[in-house]
Structures are given as C-alpha cells and as structure tokens.
Amino acid sequence: MASTKIDDKVSIPGPVTGTGNSRFLIVSHENGGIWDLVRFGVWGNKESGDKFLHYSAGGGLLEEHLVRSDDSGGGDDRGGEVPDHRWVIFVSIIVRKLIAIFGKPMEWTGYLVEFFLNLFSLNGNFLGLLYNILHGKVVMPHRGSETFISAIGHLDGRINLYKSETLTKEIGEPDFWQKIGIGHRDLMDLCMMASKLAYENEKVVRNVVNLHWKMHFVDFYNCWNDFEKEMSTQVFLLCDKPKDANLILVSFRGTEPFDADDWITDFDYSWYEIPKLGKVHMGFLEALGLGNRTNASTFHEQLFVNNLKFANLENVHATIPPSESSKSSTSFSDSDAHTGSDLSSDSERPTDTRKKKFRLEIPERTAYYVVRSKLKRLLKEHKNAKFVVTGHSLGGALAILFPAVLVLHEEVDVMERLLGIYTYGQPRVGNRQLGRFMEAHLEHPVPKYFRVVYCNDLVPRLPYDNKTFLFKHFGICQYYNSLYIEQNINEEPNPNYFGMRFLVPLYLNAGWELIRSFTMGYMYGSEYEECWESVMLRALGLFLPGISAHSPVDYVNSIRLGKARSTQMSSF
C-alpha cells in the first residue's frame, strides 16, 4: 500500500499569520478491515497501521505521534510504551467502527423515538392518545415546530430557571461581575439550562428564552461541518434584555443521543497542531468549521487565511449603524450552502447594500466565524455587556475552543469582555500545551473557565488519557458525586473510566441512581420528580453506567441541589 503520509505543506500568497507546515495525526476507522486492525493492535504491524493512521510528512516518526504528548518541551512527560497507546487507538477504532455500523439504525431509532415521545406528549400520554384515536382528535407532531421537543428535552422537562428574577436583578447590579465564580449558582443554572435548550429547534428556543426566561432571544444558527457535509453544528445567542444588555450568552449544542457522527467524534483521537495553541482535537475543529481532514491544509486556511479575509469584512460591516446591524442572521437554507448568505431571525431581508455585500462575501457558514461576527456586533451595540460561553457534552468542547481561537486571533477587545466559560460533561479537547496557553489567558486575574463533571459521566473521560498520552483536561473541575456533593479538583476521579478497581463501584452506583430516581420527587419536591424516560435511561445505566450519567438531569440537579464537600466522602 502507498505511504499514508499526507503532505500538508501549502503555499498561500499574501501575508498570513502562522504556518502551513503544522503537524497532525488522523485516526481513520473506515479504511482497514478487522484483520488489519488485529495485526496493528496486537502485533504492531506498520503496514496495517498505515491503513488507519495518517500523519503529517514533517512530523517525524509515527511512534512520535503516538508516544509524545507534547513535543514543544516545557516539562511534559516523554516516552512511554508504544503498545500502550496502540491499544488505546485500537479500542477507539473498534468503538467507532461499531458506532458507524449502527449509524443508520441509530438515526432511524432517533426519529421513531422522538416521534412517539412527542405523539404521547401532545395527546396526554398513552391513555390520552387512545382517547384521541377513538374520537378522531389525534394531534400529530411536526418536527421543527414550537411544540416538537427533542429526546433530551423529554429526559428533563424543566424549562424555568432556578431563580430567574434574582438573576435578572443581580445582572443589572454594578458589582455583579465581582460576584462571579464557582459558587454563583444562578449563573451556572442559566448556563446549564441554555446548554440543554441548545438541543431544541429554533422555535422552541425562542419561546423558552422570551416567554419563560423573560430574556431576549438573539439568533439561532445551523452551521456547516465540511467534513460531515451537513449542517451539524447548532448554536444560539441570547441577551438578558433587548436594549442596554448586561449579559450575552452563547450556547453550543452537544452530542445528540442518536447521532452516530457526534459519538464518533467524541471517541476520535485525531489531532491538529496549531502554532501557539498546541495539539487540538481535529473533530472539534471541524465542528467549528475550521477545517476538513480530507485536506489537512484547510485547517491552516480556515484558521489564518480566512481570519484575515473575514476580519476585513467585519471592519467593513462595522461602518453600518448599530440599528441596522442588529438585524442578524440565523439558520441557513440548503440553497445558500456555498454563498454564505442567510436570513434574519424575523424573516426580513436587509435592504442596506453594504450589508448585503457583507453577507454574500462571508467565506463559509462556519460556526466560529458566524458566531464571532455576531458576538462582536452585540458587544458593540451593548456597551456594558459581558458574555459567557457554554455547552453540554460536545457543545462544551466547542464552548472552550471558541474563545481559544479568539485568543489565537488576538481578539483582545472581545476577550476583555469575557465573563466566563461554563462547560458540562465536556470531553478533552487538546494537549498540555493548549491547557497552559488557555490557563494563561483564563486564570488571571480571576478564573473564568469552569468545567462541571457529574460522577461517572463517560464523556469527560474521552478521549482516553494517561501520563504520557496526548489529551489532557485543564482548568477548574467542579465535580459532583451521586449524592450531589460538590468538590473542586484538578481532575475527576477515575479519569479514564476503565479499570478493574472502578468496575464494581460503577455498577453499584448505577443501581443506586436507578433507586434514587424513584425518590427524588419525595425528597426534593415535584420539580425533581423524574419522568419515565429518565428512569428508563437509568435502567440502561445498569449496562452502560457512563451513558446514563451523561444525562442533563443530573447536571441540573447538581447545580440546584449541590452541597459543598465538608468531610471526606466517597465519590460513590
């Protein structure tokens, strides 16, 4: 078989920041067969490994890519046994192959599950549906309508904020920004609820933000992932009020339970090395629209070349009066796939010719550039506002990488108004160098990045990490055990999820969570009573504990019921 090295050296005219000679490693699960995988995983056969592993021509030996967590120096661990890392990648490829095999069945199952969940809900559950069938009054669900709720929304039907009136009042106080930190429960609750709401369609998001939270819905975006060739990245923005806002929130959608591509991304070990930042998870960069692994040079082009192009367009757009620029774009239609045009959230097309030109010249409908442009306009319009970025699961990964790229692009004025980054059940996004880079910008003068992890949630333990492997968490970890006891630590317990000494506690804990689901309403009130969908997921947790622990139900409960750890307690 021909060499699998991919030449990512590109020559791009004009002044650019960074280099086109970056290093990368792509782990492809679809190329080789099972026998190739066995030969690579068990015996370390290089020819078989080359079918799965593609790496940059200038990056040195493949073993370097597998063993060394950071080649930039600075005190990182070096060495390690190549077979250990080969085994990790071997398991990753198997899992991704299995997910890919069940990709279509997962998608069909998702459609059926969400259809019947909404059918029962709209007709008053099972008995109500039978009654409506007999009387010819069945209400049919319509995907994309204001009454169609996602599977995640059915797991946790809570839509109201913890203390919405208190939060709205506090945001307007002059010293509110000094109160922000790990312990600000109301803001953490808003971020978690927004992360959960991001799984819904635009109409549901708009209704909840405007009618229930009494805030101002700004925009909802469906953004292009060039590798997946679909609009698979969703994000929405809100302000605490329409005029003179004090708070702007950006919420990225997370891993959808029936989306095979999302789960494959979570289990992916591919990375791309960005100058200054370090090695970053390639799948998450693709979700932000910042490249496509089928042509590695596109990462350099999106990160550096298009940044200069787009910055010039933003400067042109800055000349438009705020009253006009406040009419912004939301989701894109398929017909606009390669024009970069979009529609305003109130279905009105802008009449200003300069604004039309700006829209048509947007390089791509990518999440990073679209959100950055809108955020800069909002910050210009609301002079006193600060912004937070949030997300659950994969959305949490995008929430931390979005400001990371802002720092890379030296968006100093924007980053000065960052209030905080709150992620929930977030997977690992890069290596130690990325962690050091971001901590230097987010830890001083006060911490601005808070990573919340519930108990045995599987996703924060992905991709796999050990003393020498690539992916590392960074920032403050706010960890909650299954009793909702809070602890601030550097790394969650059982950081890699697997291991015999953790196996029995994992299943015991899953059994306890199933029992607890029947008592929550009695212990804490009707607001915490778990629906039958959530109980069924708990039952599934008896077989896959880490999956059930990833539910937003426990993250909302952790924030609202969480108690500071006062004595030495088990992580059970």
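Any Cβ shown, glycine's included, is placed from N, Cα and C.
Straight from Swiss-Prot, the features:
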type	residues	note
ACT_SITE	S393	active site, nucleophile
ACT_SITE	D457	active site, charge relay system
ACT_SITE	H550	active site, charge relay system
COMPBIAS	323-334	compositional bias 'Low complexity'
COMPBIAS	346-356	compositional bias 'Basic and acidic residues'
REGION	320-356	region 'Disordered'
MOTIF	391-395	motif 'GXSXG'
TRANSMEM	110-130	transmembrane segment
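Only residues 6 or more beyond the boundaries of the transmembrane segment (110-130), in the same chain, are considered here, and those with a CB under 8 A from a CB of the stretch are 138-141, 143, 147-151, 154, 256-259, 533. In terms of DSSP helix, strand and coil, the motif 'GXSXG' (391-395) has 2 helix, 2 strand, 1 coil. Mean per-residue pLDDT, taken over the motif 'GXSXG' (391-395), amounts to 96. H550 (active site, charge relay system) counts 25 other C-beta atoms within 10 Å of its own C-beta, drawing on all protein chains shown.
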